[in-house]
Amino acid sequence: MGAGNHATATTGLPAHPEKATFEGKNKVLGFWLFLGAETVLFACLFGTYLALKNSHLGGPTTQDLFEIPLVAAATIILLTSSLTSVLAVLEMKRNHLGRMQFWFGVTVLLGLAFLGLEIYEFVHYVHEGHTFTSSAFGSAFYALVGTHGSHVLFGTVWITTLMVQAAKRGLNLDMAPKFYVASLYWHFVDVVWVFIFTVVYLMGKVG
Amino acid sequence: MGTIVSILVLVLFLTAILTGGYNKKFLQRVQGSNMWDWLTTVDHKKIGIMYLGAGGFFFLIGGLEALLIRVQLFYPNNDFIVGDTFNQLLTMHGTTMIFFVAMPLLIGFMNVAVPLQIGARDVAFPFLNALSFWLFLGGGIMLNLGWLFGGAADAGWTSYVPIASNQFSPGPGVDYYVLGLQISGIGTLIGGINFLVTIINMRAPGMTFLRLPLFTWTTFVTSALILFAFPPLTVGLLLIMFDRIFGSHFFDAAMGGNSLIWQHLFWIFGHPEVYIVILPAFGIISEVISTFSKKRLFGYNSMVFATILIGFLGFMVWAHHMFTVGMGPVANAIFAVATMSIAVPTGIKIFNWLFTMWGGRLQFTTAMKFAVGFIPTFVMGGVTGVMLASPPADYQYHDSYFVVAHFHYVLIGGTVFGVLAGVYYWWPRMFGHKLNERLGNVHFWLFFIGFHLTFLIQHWLGLYGMPRRVFTYQAADGLTWINQVSTVGAVMMGVATLVFLYNVVYSRKSATAASAERDPWDGRTLEWAIPCPTPEYNFAQLPKVRGLDAWWMEKMAGNKELEPAEPLQPIHMPSSSYRPILMSLGFFVSGLGFIFRTIEVGVLGLVMVFLLMFTRSFEQDHGYHIEVDQIKEAEKGA
């Protein structure tokens, strides 16, 4: 059960290092289930947003506020970060510590760039009178997009934490599932953003 | 000032942790104590017992609240407890009984029984299991702190907005509700994931899905319900918290909000919740009836299928709680038909229990009495459920005592009877001695008769027009004697509970070393095949499972022990951890901060939680091993 834990970077990793130990198998399955719960959580926030998006009380509407070029740039950045996290996991499976760290580093930087754009966007909206307390639309908008943003923030801190650990200990069967579930989380956050981009921004511009 | 004091206390506390207490010897003494062992344990058996203990404690509080409600309603125009205090009582009674009694008691049994039933050494995530428990306890204490500081929640257990908004509930009561449930809800969600992974990944060799004992199956489906039902509650509570504390307008009609969003979110959670608290009870009943009929469960496959179907349909019916909101005839009709269709799989279960008993060698132990008492009682609750599912009729029953009678028939007649059957059934496995059967008999009859006396008559009370949640009625209404009968019944249930408590003490005192039998009921499932008291590693060697009712099969084949599926080898065990309780404390501090509108403290508590998570990530603790000679010695001693 715990025997696999003693494997080190020098002995190399098996083909699926994230599921090679019993703990790893449990972790990966448990994390998939957790993402199921997260999906429902975001679905509820989407539902609330759709119900309240036209309650702007004469304040700026979705058409007035949203600027697609900025959001599109944020989208491209976040989707690219998903790609780099895939590259990182591939390097992990090839047991290339340095390259894995590089690609996860790029992922974190892209995540931070996305957050920067989002903060810029929110500040801009506040200046236009669209705040968390200005109307039900404002509340629902910031609840949905803000929850996603805080997930991105958590993801960047998490992946950075793991990178520090990997730098200290190298790659082993204990670290592999950690990186694997962190990348699963990162993909999930990206997928949610695809829906936010569509439902909030594109549909907000059209509808 | 208050802020500064709380921050100081927190800082001192953190310093104490980081510097390792005030001297080394003191720490060693603490770590050697029994108390420390329980506070830091990650053993599913101990966590299960703590769940049952805490759930039992909240049961006494919730029961006391119920008795006070019934005392107030004994006379027309009574002024014992009126107005806002009465609102607090009924809110706290409902909230406590659902979230801090029904759920922890059932989750307690899941902890005690499921790993043993599937032939595992623990749950998949022992650390998270401890965290689940401490979060539940923290949430429960937080909810009840309302009684002491500033007033308890008073907006009903459903906490509908706008009643629960700042405007109509200005005190901290609803904040206690929101944050208490949020904290315990996180714990429940973690627990759900834990049991799903445990049942999927940790089954012993040969324990296929269609050989799982039915209690394990219902745990599995319940965990899936928890996984998908709790996030809507999380979101709903978050939105109420934002509205109350951070000035948002989700439910404020004047600012464009919509209070129906809460009703939908609450019931999308709330309806699966009633299946979360009934399915495990179904599982317990199945185990008990099969054991004491000395027969394999009739229609095992159809039982499994019915459980899954009930779990699935449970998500399709939430709007039947909202028929009178005005969703229109189409929506009402769809939800009515979906609701009625749940009666089909439930009926399958009822008949399967009856056919299990049919021709069996029946033994009416106390556990069996509760299980058999469950069947007609639950059927009555189910029948009124189908009556309520019809929208035109529901317009009449809505918010009357008829509804109160209905859900007490399913929640007491279903969940509580199931839990009490489980208590008598698994007590010897948990504590090494049976509960006294003679006192158990008194407990059962007092409780059973008291229950029907309290609630049967409430159906008519509702039909005669008494609305739920009111604190009095007039003499001219002609409802006096019905209310009085109901109160007498409630007192009987209270006395029955005292008999039970006496039984716990009495049985413990009269227990001897010889009363620790490993298989006192001539059981069928794996938890009865291992030594009593259960060793901390559960199975010295993981068993090989050859069919349904695995232990019974071995006994029928003349075997005295389970056939091992592995050689005797060192057993890997997870280490205890003080982190779960500290993380719960962090959430607790944070919750109190938000309740008293001290956002700094709220954030500090969360920082504490994240710091603990962060440092745990760096911790390299792979547990320890129990060596072969230690196992041999333990097995010989048992």
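A Cβ is built for glycine as well, from the same backbone N, Cα and C atoms used for every other residue.
As recorded in TrEMBL:
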DOMAIN    B:30-546  domain 'Cytochrome oxidase subunit I profile'
TRANSMEM  B:6-27  transmembrane segment
TRANSMEM  B:48-69  transmembrane segment
TRANSMEM  B:89-114  transmembrane segment
TRANSMEM  B:176-202  transmembrane segment
TRANSMEM  B:214-241  transmembrane segment
TRANSMEM  B:261-285  transmembrane segment
TRANSMEM  B:297-318  transmembrane segment
TRANSMEM  B:367-389  transmembrane segment
TRANSMEM  B:401-427  transmembrane segment
TRANSMEM  B:439-461  transmembrane segment
TRANSMEM  B:481-505  transmembrane segment
TRANSMEM  B:581-614  transmembrane segment
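Contact between the transmembrane segment (B:481-505) and the transmembrane segment (B:176-202) is not supported: fewer than 3 Cβ pairs lie under 8 Å, counting only residues 6 or more apart in sequence. The transmembrane segment (B:297-318) shares the most Cβ pairs under 8 Å with B:261-285, out of the stretches B:48-69, B:89-114, B:261-285, B:367-389, B:401-427. With Cβ pairs under 8 Å as the measure, the transmembrane segment (B:581-614) is packed most heavily against B:176-202, out of B:48-69, B:176-202, B:261-285, B:367-389, B:401-427. Over the domain 'Cytochrome oxidase subunit I profile' (B:30-546), the average per-residue pLDDT in this prediction is 96.
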